[in-house]
Amino acid sequence: MGAVLGLCSMASWIPCLCGSAPCLLCRCCPSGNNSTVTRLIYAFFMLVGVGIACIMLMPGGMGSSIPGSVYRVCFGMAMFFLLFSLIMVKVKSSQDPRAAVHNGFWFFKFVAATAITVGAFFIPEGPFTTVWFYIGMAGAFCFILIQLVLLIDFAHSWNESWVEKMEEGNSRCWYAALLSATTINYALSLVSLVLFYVYYTHSDGCTENKVFISINMLLCVGASVMSILPKIQESQPRSGLLQSSIVTLYTMYLTWSAMTNEPDRRCNPSLLAIIGLNSTTPAGQDRVVQWWDAQGIVGLILFLMCVLYSSIRNSSNTQVNKLTLTSDESALIEDGPAPENFEVGDDSNRAVDNEKDGVTYSYSFFHFMLFLASLYIMMTLTNWYSPDSNYETMTSKWPSVWVKITSTWICISLYVWTLVAPLVLINRDFE
C-alpha cells in the first residue's frame, strides 16, 4: 500500500516536471517572481553538473581519465546552455511561445542535458582536446569579466545600502561598519601583495611576476585614489573606497591565480611547498598534478557565489544593467505580493509571472553566461592545465597566465569606467 501511495505521489509531480517553474517549486518555495524561480532552477542544473565534475576529480574515481571526464561533462553543460542561448534570442515577454520553453518543460530539459553530456563521451580523442582547451580558456576569460561586473554591482549595492542606513540613523555604527569592511579588504590586499613578493619572486629571476605584481599594485592604488577625487564624488556621491577595496582584493586574487599557472616552477611554488609540507620538486621531474589546490577551491567558491547572485538579483546600477542586458526592475524574491497577482490556483505558494509586459532580464544572455560559466568551471577544476590528447601529462602554459593577467587590467579598466563615465558622457543619465 505504501508503495502505491509513493507511486501516486511521484505521479503527481510529473505534470509539474513538464510544466512551468512556478508549478515545479510551488510546494516547497515561498511566493516569488517567476523570473527568479526560473533562474534558480537553471542554477541548480549547473550545480548538479559541477557536482558531477567534482566527483570525477575525487582520488581513485576515474584513474587517468579524470581530466577527460571533466572536459566532457562541462562540454555537455556548455552545449546545452549555448543551444538555449540561441533559441531565446530577442524574447521580449513571457507571452512569447519560446518563453514557455524557457520557464517550463523541466523534465525534458533535464533529459536533453543528460543526453548531450552522455553523447560527449563518445567524441573521439585527438583534436577535440586541444581545441576545447583553447575554447575553454577564451570562455573562462569572458566569465571572469562577468564576475567583475557582478562584483562591481555587489560593491555598489553594498555601499548604497550601508550609506542609506547611515543616513537614516545610528550613523556612527554604520560608518564604523563601512570603515571596518574597507579596512579589512585593503589589509587582505596588502598582506597578499607582500606574500606575492616573498614567495613568487626571486632576486635573480621571476621578472614577469615582479612586473605583474607591481603594475597591478599601481593600478589598484590609482583606481582607489580616483574613486575619492572631488570631481568623481560630485558626479557619483556614493562612490568610495569600499568599492575600490573590493575590486583591489579581486585583482589580487586574479594576480595570484595567474602566477599559479606560470610554467617556471621556481616562480610558481605549490601551496604545500610554501607552508613547508613537501620539498621542492627536483629539476627535470614533472610535478604531480594536484587538482584540489587552494586556487581551484577559491575559484570554485567565487563561481558558486557569482551564479547564485546572478540568479536571484538584477542590478540596481544602470551601467551594470547595460553591460548585462537587464532591465532596471528588481527580480528579487518578494515576501508578500498582492493576492490578485498570483496565478490561478488553490496553492498560495506560487510564483508571480512578472514578465507579461516585458522580461526583467535577457533570457539569451543569461544562458550565454551559464555557457561561459561551464567553460570557467572546466578550466578551474583542471587548474587551467593543458593536457595532451591522452591526458597522460598536464602542463601549465603561458597563454593561461596572460589570459588571467589581461583580465586583471580589463577588470580595473571597467571599474574606472564606471567612475569616469558620468564625466565623459555628460548628456547621459547614470543615476
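Cβ atoms are placed via backbone N, Cα and C, with glycine included.
All TrEMBL annotations are machine predictions without curation.
Over in TrEMBL, the protein carries these features:
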type	residues	note
SIGNAL	1-19	signal peptide
TRANSMEM	40-58	transmembrane segment
TRANSMEM	70-91	transmembrane segment
TRANSMEM	103-123	transmembrane segment
TRANSMEM	129-152	transmembrane segment
TRANSMEM	173-199	transmembrane segment
TRANSMEM	211-229	transmembrane segment
TRANSMEM	294-312	transmembrane segment
TRANSMEM	365-385	transmembrane segment
TRANSMEM	405-426	transmembrane segment
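Across the candidate stretches 129-152, 173-199, 211-229, 365-385, 405-426, the maximum count of CB pairs under 8 A to the transmembrane segment (40-58) is reached by 365-385. The transmembrane segment (129-152) makes no contact with the transmembrane segment (211-229), as judged by fewer than three Cβ pairs under 8 Å among residues 6 or more apart in sequence. A contact between the transmembrane segment (173-199) and the transmembrane segment (211-229) is present, since 3 or more of their C-beta pairs, 6 or more residues apart, lie under 8 Å.
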